[in-house]
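Here is what TrEMBL says about this protein:
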- 116-136: transmembrane segment (TRANSMEM)
- 118-531: domain 'Amino acid transporter transmembrane' (DOMAIN)
- 143-165: transmembrane segment (TRANSMEM)
- 195-215: transmembrane segment (TRANSMEM)
- 259-278: transmembrane segment (TRANSMEM)
- 290-313: transmembrane segment (TRANSMEM)
- 333-355: transmembrane segment (TRANSMEM)
- 367-390: transmembrane segment (TRANSMEM)
- 413-433: transmembrane segment (TRANSMEM)
- 453-474: transmembrane segment (TRANSMEM)
- 480-504: transmembrane segment (TRANSMEM)
- 516-535: transmembrane segment (TRANSMEM)
Amino acid sequence: TSIMDEDSKPLLGSVRQSPSEMFLNHLTVLFALSFRPFHVEPRNIVGDEVQERVSAEAAALSSRVHYYGRLTASSDRLLVPPDHVIPSPEDIYIYSPLGTAFKVHGGDSTPKNPSIVTIFAIWNTMMGTSILSMPWGIKQAGFTLGIIIIVLMGLLTLYCCYRVLKSTKSIPYVDTSDWEFPDVCKYYFGGFGKWSSLVFSLVSLIGAMVVYWVLMSNFLFNTGKFIYSECLFSPPFLICSAGLMFSRKNGTGPVFDRWWSKTHTIPFYLIILLLPLLNFRSASFFARFTFLGTLSVVYLIFLVTYKAIRLGFHLDFHWFDSSVFFVPEFRSLFPQLTGVLTLAFFIHNCIITLMKNNRHQENNVRDLSLAYLLVGLTYLYVGVLIFAAFPSPPLSKECIEPNFLDNFPSSDMLVFFARTCLLFQMTTVYPLLGYLVRVQLMGQLFGDHYPSFLHVFILNIFVVGAGVLMARFYPNIGSIIRYSGAICGLALVFVLPSLIHMISLQRRGELRWPSAVFHGFLVVLGVANLFGQFFM
């Protein structure tokens with residue numbers, strides 16, 4: 001038996017070979033041509049017993065599969081063998097030229113995770129720097145309105161993420177098993193969809209890298225200040241950026257302040273450490289430290305709980321008018337919180353990949369919902385406790401910083417430990433983000449993730465330069481998060497998932513006006529969220 005390709009040219013058998021050599025060569029090719037499996041009955045499987053010939057039914061099924069394979073090229077999925085022709089994966093065997101069948105073991109070597117692992121993987125991926133800005137966001141929107149917005153934004157982003165997850169299933173006659181969301185965008189919108197999804201994805205990644213640079217400058221500054229001044233036993237009171245300080249002043253001195261400045265020197269010191277790390281060809285070494293993100297979040301929750309117990313709750317409800325120490329429950333600055341939450345709940349560009357590794361695919365929607373619930377509860381817990389425990393009086397709620405750790409002095413031992421852990425964690429995650437930027441951009445422009453050292457170095461100079469400039473002139477992580485969140489969320493959270501779903505329904509003739517109105521409202525909401533960052 002000889003094996004033929006699509007052009008009917010022999011692949012094997014042109015040279016005389018022994019039967020055993022021919023068998024091994026045919027078996028190798030058959031493994032490579034994985035789209036030509038077929039089914040045999042259990043009694044015809046080769047085991048330790050005497051080899052039996054394949055049944056006539058199995059041979060007929062093999063012929064049908066080969067027939068389908070010759071109708072069209074393997075890249076065209078329209079004429080692939082239908083489901084009733086291909087047996088279930090556990091019943092697929094390789095047919096050797098000698099007339100026997102061998103079972104294929106380990107067809108999919110990718111390990112599958114149970115639901116609990118998938119849920120916490122999503123939670124760990126979403127838990128980023130936004131958690132540090134939750135108290136500030138609640139302050140900007142008002143305590144009551146802030147809680148309502150966190151719940152509503154969690155539900156809206158969950159639904160849009162669900163639409164992204166289901167987007168590959170709505171494409172008929174095409175094998176979308178290895179597709180990501182940019183591939184879906186390209187299918188519906190052509191090159192524009194592909195490049196728009198890429199650009200907005202890069203905005204989210206570069207925005208996160210800029211926030212990381214600002215935070216690493218902050219944490220390194222406070223860590224160095226703590227070590228230099230040796231204020232190990234100062235009272236852990238809070239600080240207001242307006243100038244009120246309720247803690248012992250640190251005697252650092254003018255020389256230290258000149259060479260150890262949060263905005264003038266530290267952002268440049270980080271270049272020496274991080275720029276070489278960005279030029280590594282592989283980021284596998286840094287991926288080993290991703291578990292530190294989980295540990296950091298757990299420690300932050302402990303820190304927030306401890307501080308809330310020590311400080312107690314300080315709340316006084318003023319529904320629409322402000323007072324000296326308190327903010328209204330409903331404020332017109334609420335779009336700043338929606339911008340932060342758009343990035344805080346953003347996982348839409350990688351949710352398909354995360355869910356592919358879920359062991360029980362039928363539970364994807366449930367697991368995604370539980371992960372979003374866990375994320376929302378974490379944000380609410382941190383934001384509400386810090387806002388409620390902030391001592392007003394003597395300080396005003398307006399003193400809550402975009403990074404709530406800045407409200408604690410450098411001499412606070414527990415906060416020092418939190419800053420040190422976050423600094424080390426971000427130092428390992430930053431090269432991973434840079435690697436993702438490089439893979440997405442260089443892969444699309446040059447077809448190679450590492451075209452040359454010069455290409456990668458120029459890209460890294462641009463990314464690092466953006467972080468240094470923001471840390472030097474605008475180190476407000478709350479505003480950076482809300483702007484980048486609103487920009488990338490406009491496309492990847494609200495507009496593209498809604499449009500793709502409506503187009504899919506319209507092509508199937510199933511689009512109804514309630515669905516069109518609701519998804520059109522999501523598009524308008526994404527646009528309003530972006531414009532609200534500039535006018536509120």
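Here the Cβ of each residue, glycine as well, is placed from N, Cα and C on the backbone.
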Best-contacting stretch, by C-beta pairs under 8 Å, relative to the transmembrane segment (195-215) and drawn from 116-136, 333-355, 413-433, 453-474: 453-474
Selection from 259-278, 413-433, 480-504, the stretch that has most Cβ pairs under 8 A to the transmembrane segment (453-474): 259-278
Feature contact check the transmembrane segment (143-165) with the transmembrane segment (333-355), CB under 8 Å, 3 or more pairs: yes
Of 143-165, 259-278, 290-313, 413-433, 480-504, whichever stretch has the most CB pairs under 8 A to the transmembrane segment (116-136): 290-313
